[in-house]
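S.K.: For reference, TrEMBL lists these features for the protein:
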| type | residues | note |
| --- | --- | --- |
| TRANSMEM | A:29-48 | transmembrane segment |
| TRANSMEM | A:55-74 | transmembrane segment |
| TRANSMEM | A:112-138 | transmembrane segment |
| TRANSMEM | A:150-171 | transmembrane segment |
| TRANSMEM | A:177-197 | transmembrane segment |
| TRANSMEM | A:223-240 | transmembrane segment |
| TRANSMEM | A:246-263 | transmembrane segment |
| TRANSMEM | A:284-305 | transmembrane segment |
Amino acid sequence: MTDASINASTVREGDAEFGDYFALLKPRVMSLVVFTALVGLLAAPVAVHPVVGFCAILFIAIGGGASGALNMWWDADIDQVMKRTKSRPIPAGKVEPGEALSLGLALSGMSVIMLALATNIFAGAFLAFTIFFYVVIYTMWLKRATPQNIVIGGAAGAFPPVIGWIAATGSMAIEPWLMFALTFMWTPPHFWALALFMRSDYDDAGVPMLTVTHGRPATRKHILIYTILLALLAVGTAFSGVGGPIYLAVAVVLNALFLHGAWKISRRDENDSEADNFKVERSFFKLSLLYLFLHFGAILAEAVLKPYGLGGW
Amino acid sequence: MSLRKEHELHQRRKGRNVGVGVLLASFVVLVLALTIVKVTSAGFKFPNTSSDVQQTEGQN
C-alpha cells in the first residue's frame, strides 16, 4: 500500500480504528452484563455444556453491546454536551452515526438469532425484548420524557441474569426475577449519586434527571428510600433458592454500609457537599459498584459450592 | 519521493481489517464447536428427510 492509493475524497479526519467500534458497544456496561448473565446461567438448576454456556454469555454480551451502539447513535446530540460522554466515538467524530446504527442493528440481529440457536428460542426472544426495551422504550421514549428515566432504564440493565437463567433452563422461575430486582433497585441510587456530583452534566443536556426536575434535596431523599427498599430485597434474597449463608453474610454487611451511606447523603445539604467536593456521594457511588459485584459474586459462590454440599441452605 | 511509505491512515485501516478478520475466523470456529456439541449431545435427533417420510408412508 502506498500514499498513491489514497483517494482524498474517501479520507475522513477521524477515520475510525477497530477500538472505536468496540467502544460503541460500551465495554464497561458489557462487563456487568457478562457477569450478571453468567451468574444467572450458573445459578440455574440445570447443567449447561461449557461451549453452549460460553456461546450464551457471548451472545447476550453482544446483544447488550449492540443496544449500547444504538443508544449512542440516538443520543449523539446529548453525548456531545455532557462532559462524561463527549469523548464517545460519535461526538468525538471518530465514527459516523450511520455506522453506529448499522453496527447496532447487525449485531442485534446476529446476537438474537445465535442465542436462540445456541440455547433456546425463549432466550433469544427475551434478548430481543431486552434490546427493544433499552433502545426504544428507554433511550428513544422515556429518557428525555420523565425523571423516572433511570428507574425504568434500570430494568434493561437488570434483564441479563434472567436471560442467562432462561438460556440454561428454557423456562422461568422466581429466582432470576430476584436477581433482576436486585439490579433494578440498585440502579436508581447508583445513578442519582452520580448525578449529584456530576452536577451540571444533565442540566446542560436537558435530560430530566431527578436532580434537575425535583431538585437535589428530593434526590437525596429518593436515594435513601430506594436504598431501604433495596436492602430489604437484597437480604430477603438470602432465603431464596439462590441464597445461602455466604450470600446472607455478604448482604448484611454490604447493606449496612450502603444504608449508612444513603443516610449520610440524606442528612447533607449542598453546602456540606460543596465543602468536601461531594466526598460522601462519591464514596457511596464507589461502594455501589462493589455492592452489586459482591452480591452477584456471593450468588455465584453459592451456586458453585452447592454440588459440594457447601452452598445454599 | 518514495511510493513505499505507508500512510498512517493505512495502518489504521489495516488494524481494522485484521480485527474484523480475526473476529470472523473466531466466529467460524465458534459455530463449528457449537455444531459439534449439538450433534454429539444425547438428545440430538436428525430432522426428517424426504426419504424418511417416504419410508414411513410406505410402511403405513
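Every residue gets a Cβ built from N, Cα and C, even glycine.
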S.K.: Establish whether the number of Cβ pairs under 8 Å between the transmembrane segment (A:284-305) and the transmembrane segment (A:55-74) reaches at least three, counting only pairs separated by 6 or more residues.
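M.R.: Per Cβ check, the transmembrane segment (A:284-305) does not touch the transmembrane segment (A:55-74).
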S.K.: Give residue numbers and ranges for long-range contacts of the transmembrane segment (A:29-48): same chain, 6 or more residues beyond its ends, CB-CB under 8 A.
M.R.: 56-57, 60-61, 64-65, 68, 157-158, 160-165, 167-169, 175-176, 179, 183, 241-242, 292-293, 296-297, 299-300, 302-304
